[in-house]
Structure formats: structure tokens, C-alpha cells
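Engineer: Quick one: the structure is below, questions incoming.
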């Protein structure tokens, strides 16, 4: 089958790789000059299945009000003037219950754990290198309330059989020796030894090269204008003056997926703006070993070979990609507070990206009401964590195979309701 994939981020490239492995003829189209040059370019660098959790959580609405008045708040909201933003935020609020949080986190962990298994198999088969580390991830708490609040996450981890370690403040240095100097600031931590880290952009670039060896064709610097429809199916992709045709089409354009498919299916994928800095390491003994997640500021600090990546925060501001110095200040504050002297933040590069977020945190992977149109989008802050599993799952669905994990609750159909013959997001 001839397949066109729109988008060459980590999710699009992973989709291409697994579809090509399944024997399909794949073409990837993207407006950028190469793979992973947008949202996948400088993310936090973590592969964290156990920490897969929706931003929509109990207590978040009240926290959001408090964060409005804090200098280093992890969440900021600015109205963009669209009805879609208001609808999206309302649906996110409806997912901030204990019951829905557990449901959403459970299926996110299911996909993320499967994806990590797929990545490990890929690494064993291809020996792909991307400055990866397998030292686990450590979530650190600054208050007793945060430590006590980890109980709801631990319950989900137990149910999913995910290994974990609950550490006291004195025990944190066993996982991250450099934290010994600041352990008095922390109340404890939750460590997931099975998590991994690495450079997502490097991984995606090298996976694209492996995909090319399987016959995948990449068309970069190509504008994607519209999907052409005929007879109730996709007839092609309008790229400037050219119509690119195939048997099936996969939209993996992250936050830009929503507008492209709007006339065909309404998907609640909204851009969640995040930031990162990447600093050179100046003292390895004072730098992290793997990834450390600061629960207070919702910031991840990740060790690469000779660099530290610090990423996080969330702004609900539409497609605004302006770099804000105050956000850089927050990232620098966090890494210098936990790992003083580890990296040279004065020489750090500063970046922002738009994560494609659904209101319930779970991505949209699979079929749509349009017979030959498939989606692989909405992974939020977990694009790399879920990329290999999402790509393999999609390849199975498109090849007529039964996926290894449950997939029905990952498709767009969980959002659709029939109203006057139209498919609309189910906001009720």
C-alpha cells in the first residue's frame, strides 16, 4: 500500500519506519528542511513511561489560579481569541477529576510502556545511537504535600506493574549523587528505574536514515496546503501546485494537525507552548546522571553526553512562538538550584516549541471516519516517549493486524459524537 505521512517529527518518522518495515511504500512530507526541526528539536530528552500523566489532574484548577500570581509558575494562560481555545480548556477542566485522571493516566502509561518496549527492540536490532542513557528518572518533591500526593500515581504504577522506588531526601543521592548538596531543600522523590533519556532530535534524524534504507522517501521543504477529498475519501495532498496521491494518508503534524483536518473531523489538539535551554557541562560531578523532574516547577533536567537539557512549563497561548526571557530565567533558576555549578547556563541555547495536547492527555492514534485517513498526533509532552509504540500500533492497524496493546480508546472516536450527521468533539 502507498502511504503518505504528513510530518517529520519523531512521531511521523517513527510511523514511517514501522510502516516501511511492514512492507508499505511510504513518502514523508514536511515543510521543514529536515527531520525533527520543530517540536521534536529540543524537548526535555526523557523517555518516561511511568511519569506519563495528563496535565488535567485533581487540584490543577485551583493551582492554576495560584500560579497566575507566581513568578516561576509552570502554567500560564493567555486568551487567543478563539472559541476553540475556550472549548479545549473547558474539556480539560472536565478531566480534572480523580476518576478521569486515573483513567487517562492508565491508558497513557499503557501506550508509553509499550513504546519503551518497542524502542528497546529497535535499539537491539539497529544499534541506533542518540546519546541515550538507561539510568531511570527521578521526580523530586520540595514539600510534604507533594510527597503525600504521589500516592495516586503510585497506585497507577502498581496496577500497571511499573517498577518504582519511593526515596527519602537522604536517599536521593543514591540515584543522583549531585543532589547530596541540596537534599535539605527536598522532602523525597519517586524514582522509576526503567525510564530512559536521550537526544530526541538526534534519534529522529538517525531513525529517518534507517527508514530511508527501508525505502522511505522524504520530501522536505514542501508546503502542505490541503487534503483533497473525492468520493468520501482522501484523493491527495495539495502541496503548492502539485497533488501528491497515495492509498492512505497519515496526519502526524502535531499542533498543526487540527486545522488541516478540520473540514473532515474535529480533533481537540491544541498547542501547549514549552521552553528549554541546553547548557554545556562544566563539572560532571555536579551535573545530573539521568533525568530529574522538579515537581514544583514542572521542569525536567536531563543529562546528555556533555550537555544538560532543561525543559518544561506550559503556556496555553495559541501559536505564539516568541521566546520570553522570564521563562529562560525560570529554567536557569531551577537547574542552578538543584545542580549548582553543573552547567554553564550563561552559554545555554534557548528554544521554544508547541506540544500538541489533547484535553485528556492521551494522543489520538488510529483510524478516522474518513476511510483512508489516519491520525498520529496529540502526544503532548510525551511525543518521544510514545513515538515508537504509536508508530508500531499505527502500522499494525493499517496492515490489518491486531495490535499488541488495546487501541480502541486511543483513536479519535473517543471524542466524536453524532450530531446532525456531523462529527464533533464530545464536550459533554
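Cβ coordinates are placed from backbone N, Cα and C, and glycine is handled just like the others.
Per Swiss-Prot, the feature FAD binding site maps to 3-17.
I'd like these features described in context: how deep, what's nearby, how far apart.
Structural biologist: Taking a C-beta cut-off of under 8 angstroms and a sequence separation of 6 or more, residue 13 (FAD binding site) has the following same-chain neighbours: 28, 35, 36, 204, 207, 208, 211, 387.
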Engineer: Say we define neighbours as other CB atoms within 10 Å of the CB. Which of the binding-site residues 3, 5, 11 has the fewest?
Structural biologist: 3
Engineer: For residue 9 (FAD binding site), which of the three DSSP-derived states applies: helix, strand, or coil?
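Structural biologist: DSSP call for residue 9 (FAD binding site): coil, neither helix nor strand.
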Engineer: Could you say whether, by DSSP, residue 17 (FAD binding site) belongs to a helix, a strand or a coil region?
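Structural biologist: Reduced to three states, the DSSP call for residue 17 (FAD binding site) is helix.
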Engineer: I want to check the contact list for residue 15 (FAD binding site): same chain, sequence separation of six or more, C-beta distance under 8 angstroms. What comes out?
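Structural biologist: Spatial neighbours, sequence-distant, of residue 15 (FAD binding site): 5, 250, 252, 376, 390, 391, 394, 395.
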